[in-house]
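Visitor: Here it is: the structure, laid out below.
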């Protein structure tokens, strides 16, 4: 490296939680006035490593050297004093406070809101933020909250900023805005570490990239001297194909027809408006749309979890018999012999119970099985849990570990593994790869494709348009609860989808 | 005949222990600690004061009490007793992260047992033929009102006829409201109760805030117990006489939507509702009286329903209320 000043030196950092080693012997350098991307799969220890800089965790071993001096960071306050500020993935803001109150939280001295607002404005002007200081956090969009978090860090005079997956929740426009701000901060001499999965963002924003794998430091390099394939291989540890497979559907036959489905929520808002389509066997039907356009309600309606105003949802058996699903509970649906599997977007809320272990979570699907009406049958769920762990390579100490202790990708694997183990005829997935790293995502795509080849009808609600275009046979586009079109995945591109997602009213 | 001028002072005297209890519990809850031990804490505050004053009265010949010491000794005893209760609660829930509900309920049981045990012992020591101790000399100092209060007619009766602790209670409530609303300490405390992880990330010492506010809250609540026995009950301690006032104080916290300044008038309202059964005609049907005693609790339920229906974010309980915080939890 050229002679630039070093902001952070990490040497031999090790941290473990119980039996799980999150970081082992990590060395990392961050220079002044640069943007460093920290790249790694889920559970590779990126966030843990950065949390040790922010004072949330304390390392078991190793040295942290900040601006040439060895530092001991025991609390977030120590981190501020060293000029380190972290914007966490799950924002650390108080909902009922307004922006100013959140920004000055934890600081000493007399409370002077006017003065604080003035300084906030100066910071905003300097770097190009927009912020309404009086607005309460609970009224804010995700992007506004993020702005508050970043200003909060800058207000404390941080020279080293750590951003944990800042773009995961932003629209492309908001991301671009954030990147502009980050560039402004870099020119101001600040060091920025950005944790991310998205390779295109790594390439567009960072100067250098460092890769972690299984808690160990693998390599760092200049972003300009590497490419997506090389970075992926380093992250995963072996060569990964970056193409999504799309086998031709075999003998597609209608499996579920939805006719004139209308859903109105408690507050009287129309969530789904006259939606009609057919899902075929052996086919992946993608569902695209800006978030909150009725995707969730559509899947929930099919799964029997939504109160529907009008419409029909018909299931067609192998032998041509039909079954009306509307108005039936999930249990009634499964008793009809309709094999539905649902991978909801809210994994630890609707899909799994965080405090229960892997085996018990498997039982959520099979608790009615077994010989005794009184005692539970534990043997089969335990076998299934073992099978899922083996087949999908779930990183877990044991099948007796509570699911909430697993990382996001592994939680998703447990959920998907359980849902497909019942060999479903219909597989509903909502944002199946949200928050997952590259290799986990590809494993999930593979699993979905396997179900498709088996002849299941797959409904795939997705947000990444590139993936939808590559993976799905047909794509249904929702806009404000209305279907704005169903297109063939082979002859479309993301720009067409993008414009369909925003056209209101015309079907 | 029902007379408002006679009713209001009685309501206020009923309200003061509730006000102190609820102010203490409010600042405790603002730190995210749901201290259901408050009834026990108030009980311990009362008996500690009684113990202190009992031994002081015993040690000097009757009629020669020093006015300052007669107030100072029970006061300090009550503060220390309730402080130790607060410390115990914090040690269990903050340091050891024990379940808050279980700890609180255990402390209420413990506090009442503690009070009755020492109350009983003192009654034995005093050798009285009634199951109570009378500390009327000390009580006279506690309930002393301003000398000209009785000369100002209805105004004096309604506003000036109380012992000093009643005014202290109102001042404490006002100070707490001001600190919570206007100062940095208040901002930090509210943040700790809403989201300790966010407060921690902002550099606030969560443990310190929880300890200090809970112990302080317990001391304030303990004063409520002291007021009850020394002023309201005229220095007469008998076991279990304190009743369910501690629970009423916790209900009052919800009623005031966690705002000590609202507590001032609400506590008087609650005090009035608490003794309303004495004024409502029930003839020979004493069971009606029991129904009337439910009124304060019913009012609290109504307030709960209304605040949750309005769903205004600021009027909800502190978000992390009842949960313990551990920084390195995954």
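Placement of Cβ uses the backbone N, Cα and C atoms for every residue, glycine included.
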Visitor: Transmembrane segment per TrEMBL sits at which of B:211-230, B:231-250, B:311-330?
Guide: B:211-230
Visitor: For the transmembrane segment (B:211-230), which recorded stretch in the set B:36-56, B:68-92, B:104-123, B:262-279, B:291-309 gives the largest number of Cβ pairs separated by under 8 Å?
Guide: B:68-92
Visitor: With CB pairs under 8 Å as the measure, which of the listed stretches B:36-56, B:68-92, B:104-123, B:159-180 comes out on top against the transmembrane segment (B:262-279)?
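Guide: Ranked by Cβ pairs under 8 Å, first place goes to B:159-180.
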Visitor: Quick test of the contact rule: Cβ under 8 Å, at least six residues beyond the ends. What residues does that give for the transmembrane segment (B:104-123)?
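Guide: Those are 34-44, 46-47, 50-51, 54, 85, 88-89, 131-133, 237-240, 242, 246, in sequence order.
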